[in-house]
Amino acid sequence: GVIPCGESCVFIPCISAAIGCSCKNKVCYRN
């Protein structure tokens with residue numbers, strides 16, 4: 001929840017979800 005994954009999720013889900021990232025405020029975060 002605090003580490004930006006360098007990916008946005010405005011139109012598509014987080015591809016980085018594969019490594020534990022999740023969508024928050026239109027940006028993908030980890031932890």
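Easy rule for this one: first residue shown is 1, then count along the chain.
Even glycines carry a Cβ here, placed using N, Cα and C.
What you see is a predicted model, and the numbers here were worked out from it, not measured in a lab.
Residues annotated as disulfide bond in Swiss-Prot: Cys5-Cys21 (among others). Around Cys5 (disulfide bond), the same-chain residues at least 6 positions away in sequence with a Cβ under 8 Å from its Cβ are Cys14, Ser16, Ile19, Cys21, Val27, Cys28, Tyr29, Arg30.
Within 10 Å of the C-beta of Cys9 (disulfide bond) we count 20 further C-beta atoms, all protein chains included. Marked as disulfide bond by Swiss-Prot on the basis of similarity to another entry: Cys9-Cys23 (among others).
Swiss-Prot lists Cys14-Cys28 (among others) with the feature disulfide bond, giving similarity to another entry as the kind of evidence. The secondary structure of Cys14 (disulfide bond), as reduced to three states from DSSP, is coil rather than helix or strand.
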If you count other Cβ atoms within 10 Å of each one's Cβ, which of the disulfide-bonded residues Cys14, Cys21 has the most?
Cys21
So if I draw a 10 Å sphere around the Cβ of Cys28 (disulfide bond), how many other Cβ atoms end up inside it?
23
Once the chains shown are all counted, how many other Cβ atoms turn up within 10 Å of the Cβ of Cys23 (disulfide bond)?
18
